[in-house]
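Input: a single structure, listed below in structure tokens.
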Amino acid sequence: MPNPQLNQHGELQHLLTIEGLPCEVLTHILDTAASFLSISDREVKKVPLMRGKSVFNLFFENSTRTRTTFEIAAKRLSADVINLNIDASSASKGESLLDTIDNLRAMHADMFVVRHAQSGAPFLIAQHLNAHKQRYIHVVNAGDGRHAHPTQGLLDMFTIRHYKQDFSNLTVAIVGDVLHSRVARSDIHALKILGVPEVRVIGPRTLVSSHMEEMGIRLYTDMAQGLKDVDVIIMLRLQNERMNGALLPSAQEFFKNYGLTVERLAMAKPDAIVMHPGPMNRGVEIDSAVADGSQAVILSQVTYGIAVRMAVMSILAGN
Amino acid sequence: MPNPQLNQHGELQHLLTIEGLPCEVLTHILDTAASFLSISDREVKKVPLMRGKSVFNLFFENSTRTRTTFEIAAKRLSADVINLNIDASSASKGESLLDTIDNLRAMHADMFVVRHAQSGAPFLIAQHLNAHKQRYIHVVNAGDGRHAHPTQGLLDMFTIRHYKQDFSNLTVAIVGDVLHSRVARSDIHALKILGVPEVRVIGPRTLVSSHMEEMGIRLYTDMAQGLKDVDVIIMLRLQNERMNGALLPSAQEFFKNYGLTVERLAMAKPDAIVMHPGPMNRGVEIDSAVADGSQAVILSQVTYGIAVRMAVMSILAGN
Amino acid sequence: MPNPQLNQHGELQHLLTIEGLPCEVLTHILDTAASFLSISDREVKKVPLMRGKSVFNLFFENSTRTRTTFEIAAKRLSADVINLNIDASSASKGESLLDTIDNLRAMHADMFVVRHAQSGAPFLIAQHLNAHKQRYIHVVNAGDGRHAHPTQGLLDMFTIRHYKQDFSNLTVAIVGDVLHSRVARSDIHALKILGVPEVRVIGPRTLVSSHMEEMGIRLYTDMAQGLKDVDVIIMLRLQNERMNGALLPSAQEFFKNYGLTVERLAMAKPDAIVMHPGPMNRGVEIDSAVADGSQAVILSQVTYGIAVRMAVMSILAGN
């Protein structure tokens, strides 16, 4: 079965997941993003690459933050952006997801940026468009359920490459609720594809999956051991909704065991960088002294995120 | 009393209802829309006809779908669009409708696209503007109560003309809850003005009005008889809120009697087209086999809807 | 301590409050606004002064009306506008105010227009940006708690100057709930700075502060006395939420004592103008005969408000 993300020339048609993408496609996105980085510094922060294109932000799950990054990226590419916050429950009542998509493509949409609580929703949309030979319409997954968040994965790779240049000799640790994290999943796929030799996952036994070992990931339940000599630490956001379940005792307990403090950070290499996809729960997964410290590159991630999203959108629109 | 929609030169000043409009005005809109159709196919889907104009989408009744079509149309005309979703209840508390309008015209609004649960609200606004000699501000009715939905009526006419060329020898059937439908009302007026010789209405006795016979409409309560040899079938959306009242038994019962199935469609002419204003209730007013079948032109209606709204807005802005 | 609103050259860096601003800064804004007034009358209501700039409307307190005026002003300056309605309660849960700001500045925001229920929030943001030497990012206070609403104050001054030319021989009365009004506070500071010799405040004893006398304001509890021979009457909006407390008996009672009627207006100078920041409670603080009468300049305030906001934004962006 061909990769539904790639067209017959092997070019990116949709960005649904990092899994299965060729290394050159990832590298091309990162290189393009690098060229966009300077645009946001200019007096006039706009390029006309998507002038007159209609980009629909289809957010079936509310996320002001992610929606904003895509809206800025699209506007800096001169696209027309239409925001649609669709309450998933009312959507299911009135009209099916694919009827909504068919309507919007009949309005000559050029791109759908899709956020959905259900894993696979962007895939479903892309397959539907492919089946209808709508090859001028592109889908970007802006986060689907626990499945994938590929632009976050890409911006994390951009950040790592920026600070560490070379992927081929790094040790990267991902810390927290890896089991439920689409960010972790996208990061792990990207790190593997780009050739990172050692990827570690650190978290309580209930929040890491033993499947991961089959993927060549090393599991740690102890922070001191897991952080030893790593080059990159990716902290995950602890979802509040998981906190009061059987999986996790409490925020305080989590911080005691897995919160990133100055002391724990000292286990890593002296030039290790600290990343976080945001928004941070200060005092839960990360201590403020670390979050605001000199090794944190969390705000750089945000800046690079705009450039990476501009790169993804303009590459898709050009294919 | 002069038609408040027309200025002293007989040109369209506001689009409030299709009722009472001269045939040439309708034809001019359809012809203009035809010229806009190709713009949405272009690489850069924009024309500068409304550059620097301020279009306010005033939605006192929530409708993401209709709001989106006007937003796209306005942006493709290069207008600045400001969306205002005004909760009707809080609006009535704080400030009167006309105070809101006065405020926005003081901000030099150029156009109001108005959706309101109350029939006549766009008329009230237009009369208020006319009374204040604000003849450079235009009102487009985007649906008011049970009264009118003129851009839907126009896009339906555009669709019929596209597929059938000539109105003068057609039989058109409108099916469903005609009594409460502003779409049906606008369609009926447009069909009559454009010279369609036979307009039929099909629905349960509780949902069709005997007034219609006075308008020269033929009423049917039986689908088989009503659909016989028609050229065009316009299915209406069944409003869920009507379902649990005295007027209608249930969705299943409605589908049994008035749902458009492949068998029933076979009663119509072999080249009959099937229309629906959307969003569809599949399995209630229309079977999926028909909705996705070769005679359905429902997605074309959506495409033409953008061109028709661009035509209406640019004609108004030019008058 | 230097004024955090001014940069080292004494130019406006942020607009947080009118208090403490030099008279020349106010006059420069009013003069710039006068030059913008004609833009909104043009065929193409746009100038490219902020093309490619990213303006964030950060509304932690809902205000469709104020948000709209800033959105229009920014769009007429050709800026890209991103609206963020942030529910203050959920904001405090997820992420701190300053983390939100840091994220947005990492996206290369150029300007924050901030509305917040808490007094001082825009100050906090500006200090944070100044501390991080982010001198290319500007903050405009769009109303914070009971503290200040400087663009409203400025548009009120623009209106007074338009109708009365000279500030130096005026008597201005502010009527209503002065105690809780950020508009009143901003107006009083502006009137003093611009050299208005007599500023009066009229209201029930529970809603005026005796501190005001120290500022050289004359307090009146009686409308007839307070309005005698004034040139300008600024009516305040009565907040409904104050009505059912201990401070105020009822809307009817308030109107009886402090509502501006034709009879009361006759106490003022014959050419006195009547202002109101809107939205008006007709029949509570103002009678419709006055609101719609020849002395009311309430809609002019709205028109001038766009020009003043364009002036503030473009001056900040240029500094």
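Glycine is no exception: its Cβ is also placed from the backbone N, Cα and C atoms.
Nobody curates TrEMBL annotations by hand; they come from automatic prediction.
As recorded in TrEMBL, the features of this protein are as follows:
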- C:ARG65, C:THR66, C:ARG115, C:HIS149, C:GLN152, C:GLY278, C:PRO279: carbamoyl phosphate binding site (BINDING)
- C:LYS93, C:ARG182, C:ARG237: L-aspartate binding site (BINDING)
- C:13-161: domain 'Aspartate/ornithine carbamoyltransferase carbamoyl-P binding' (DOMAIN)
- C:169-315: domain 'Aspartate/ornithine carbamoyltransferase Asp/Orn-binding' (DOMAIN)
CB-centroid shell, 8 A cutoff, carbamoyl phosphate site C:ARG65, C:THR66, C:ARG115, C:HIS149, C:GLN152, C:GLY278, C:PRO279, site residues removed: C:SER63, C:THR69, C:ALA142, C:GLY143, C:PRO277
From binding-site residues C:THR66, C:HIS149, C:GLN152, C:PRO279, the one whose Cα lies nearest C:ARG237 (L-aspartate binding site): C:PRO279
Nonlocal residues around C:ARG115 (carbamoyl phosphate binding site), in sequence order (Cβ under 8 Å, 6 or more apart): C:LEU58, C:PHE59, C:PHE60, C:GLU61, C:SER63, C:THR66, C:ARG67, C:ALA142, C:GLY143, C:ASP144
Counts by DSSP class (helix H/G/I, strand E/B, coil) across the domain 'Aspartate/ornithine carbamoyltransferase Asp/Orn-binding' (C:169-315): 62 helix, 24 strand, 61 coil
Summary of DSSP states over the domain 'Aspartate/ornithine carbamoyltransferase carbamoyl-P binding' (C:13-161), given as helix, strand and coil counts: 73 helix, 27 strand, 49 coil
Between C:GLY278 (carbamoyl phosphate binding site) and C:ARG182 (L-aspartate binding site), the C-alpha gap once rounded to whole angstrom: 13
Largest separation between Cα atoms (Å) of residues that the record links to carbamoyl phosphate, namely C:ARG65, C:THR66, C:ARG115, C:HIS149, C:GLN152, C:GLY278, C:PRO279: 17
Nonlocal neighbours by CB distance (under 8 Å) for C:GLN152 (carbamoyl phosphate binding site), same chain, sequence gap 6 or more: C:GLY143, C:ARG182, C:VAL183, C:SER186, C:ASP187, C:PRO277, C:GLY305
Cβ-based proximity (under 8 Å) of the binding-site residues C:ARG65, C:ARG115, C:ARG182, C:PRO279 to chain B, or none: C:ARG65, C:PRO279
List of residues, in chain order, with Cβ under 8 A from that of C:ARG65 (carbamoyl phosphate binding site) and at least 6 apart: C:GLY278, C:PRO279
Rounded mean pLDDT for the residues that make up the domain 'Aspartate/ornithine carbamoyltransferase Asp/Orn-binding' (C:169-315): 93
Binding-site residues (C:GLY278, C:PRO279), the one with most neighbouring Cβ atoms at 10 Å: C:GLY278
